[in-house]
Amino acid sequence: MQKIFDEVTSLDKRCYEEFFLTEDILMEHASNSIALYINQNLFDKKSILIVCGSGNNGADGIALARLLSSKFEVNLYLANEPKSYMAQQQFKRVKALNIKIIDEIFEADIIVDCLFGTGLNKPLDEKFINLINTLNSYNSFKIACDIPSGINSLGQVNTIAFESDITITMGALKTSLFSDVSKDYVGEIIVVNLGVQRDIYEIEANKFLLDESDMKLPFRNKKNSHKGSYGHLNVVAGCKKGAGIIAAKAAFGFGTGLVSVVCHENLDLPYHIMQTHFISENCSAIAIGMGLGKYETDEIRKILNKPIPKIIDADLFHDKLICEVLDQEIVLTPHPKEFISLLKLCEIADVSIEELQNNRFLYVEKFCKKYPNVVVVLKGANVIIAQNEKQYVNSFGSAVLSKGGSGDVLSGLIGSLLAQGYKPLESAITASLAHTLGAKNYKKNNYSLIPSDLVEEIRKL
Ligand SMILES: NC(=O)C1=CN([C@@H]2O[C@H](COP(=O)(O)OP(=O)(O)OC[C@H]3O[C@@H](n4cnc5c(N)ncnc54)[C@H](OP(=O)(O)O)[C@@H]3O)[C@@H](O)[C@H]2O)[C@@H](O)CC1
Ligand SMILES: Nc1ncnc2c1ncn2[C@@H]1O[C@H](COP(=O)(O)OP(=O)(O)O)[C@@H](O)[C@H]1O
Ligand SMILES: [K+]
C-alpha cells in the first residue's frame, strides 16, 4: 500500500530544512519528471500546449517548456502573469531562451495543465471555467501537473476541473485525488520524486492507497482439514431474499466451508447452500441486513447480540437498533445514503448525501473516532475502509459495479472471510479488493455484469 497525505507543504518544508534542498531543485525534479514521461511515452506526438497559472504549478509548466523545447513543438500559454517568485524565475529563463509564448490556445497533440495545483484557494471565475471547458473539449492527450486544475485540497470540484488522462503528482499521493468526484478527472495517477526518494520524502501517515498485493486471498495451507476448518457463515435473509442468496453464493465461492441462509420461509437454494430457520450451532460469522426489509426487532436484536463476528449491511443502517452493537468488533458496509442515516442515528452528524460525498474522509474519521472497534467500509467510486485512525482507499472499482446486487456480493465476501477466522479489518480489505479486481477482470463491456458474473470472476482471482 502507498501513503496518502492531506497536505504536502510540510513535506516540501522538510526537504528544505532537513535535507538542504531548494525550491528550485524540487521544481526541476517536478518538471523533469513530466518531461521524462512525455519523452518515454509520447515521443510520437509533435505539438504540446502547456497552460500555466500564476503560482508554482504554473512555474512547473514554464520549466517544462524549457525542458521539452528542443524535441517538441512547444507552445506556452500563460493564463495569468507569473506571480510567485519561482514562476517569475522560470519565466525569465524561457524568455532568455526565446521559447514560444502564445496568446490563444489550440488543440495540440498533448496538453499539460499547470493552471493550479495545491494552491487553488477560491472558486474559478468565468475566464478559467471557459478555459478549462475548452481544454476538456480537445481531443488531445491530457496531462495534469500535480492535480487536475479545479480540484481543491479537499477533493471537491466547485464547477469544473481539467479531465486528464494522467495525473503526474509531485512527491506523494494527495487525499484530494481520491474523493469520489475526483475519479472522473484524475485518470491514471503517477507519483514522481522531488529530489529525494519517496520513502524519505514521506513521513508517517494515516491514509493509504491499497495495491493489488494487499489482497490476501484465503489460500488453504493446512493439508489435514475438513469443511469445518473453514467456518460456517449464516446469511440472514429478509423480504428481498435474493440479496441474501447472492451474498451466500459469493461467500461459498470465496472459501467458507459451510454457508447457510437463515430464513423462516422455505427457499429454493442452490444445492451447495443450506437453509436454517435459526442461527446454526457452529456458526462462525453472520451476515445480516441485506434485503432485510420488515422484520421482528427482538429476533434481529437477539442475532445481533450473539458474540459471533458480523458484517452488517443495508436496511439495518436505518434502525436505531444498530447503535446497540457498535461496541462490537463488526464490519459495516454502508453506501453514502446509508452512512448519512447511520451518522444521524449515532448523533455524529445530520448531513446531506452531497455534504458527505464532499467530505467522505472527514465523516468516516468522525465515525471511527466514536466507534474504534468497528470497521467501516464506505462504498463509492473510491471505497474507504477504516478502523480507528487508519483509512484505506480502494480505487480499483468502476462503473461496471453500479448495479443492484454488487453490494450483496461484497457483504458475502466479507462474511466469508470472517467465517474463516480472518480479522474484521483484513477481511474488509481483502474482500473489497477481490470485489473490485474481479469486476476489473470482467472484459465483455462495462454495463452487463450481473452478480453471478462477478462471483465467477472473483473465483478466478
Ligand atoms: N515546494 C514547492 O513549492 C513546490 C511546488 N510545486 C508545484 O507548485 C504547486 C503549488 O504551487 P502554489 O502554492 O504556488 O499554488 P498554485 O497551485 O500554483 O496556485 C496558486 C496560484 O494560483 C492562483 N489562484 C489560486 N486559485 C485561483 C483561482 N480560483 N483563480 C485564479 N487564480 C487562482 C493564486 O493567486 P493568488 O491567490 O495569489 O491571487 C496563486 O498565484 C504544486 O501543486 C506543484 O505543482 C512543485 O514544483 C514541487 C515543489
Ligand atoms: N462507479 C463505481 N465505481 C466503483 N465502485 C462502484 C461504482 N458503483 C458502485 N460501486 C460499488 O458497487 C457496490 C454497490 O453496493 P450497493 O449500492 O450497496 O448495492 P446493492 O445493495 O444493491 O448490492 C459497492 O461496493 C460500490 O463501491
Ligand atoms: K494542475
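For all residues, glycine too, the Cβ spot is worked out from N, Cα and C.
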Candidates N57, N75, N193, the one TrEMBL lists with D113, S149 as binding K(+): N57
Distance from N57 (K(+) binding site) back to D146 ((6S)-NADPHX binding site), taken between C-alpha atoms, in Å: 8
Between A59 ((6S)-NADPHX binding site) and D113 (K(+) binding site), the C-alpha gap once rounded to whole angstrom: 11
Candidate nearest N121 ((6S)-NADPHX binding site) in space, where candidates are the binding-site residues D113, S149, G407 and distance is Cα-Cα: S149
Rounded inter-Cα distance in Å - N56 ((6S)-NADPHX binding site), S149 (K(+) binding site): 13
Subset of binding-site residues (T118, H335, G407) lying within 10 A of N57 (K(+) binding site), CA to CA, in sequence order: T118
Mean per-residue pLDDT computed across the domain 'YjeF N-terminal' (8-202): 97
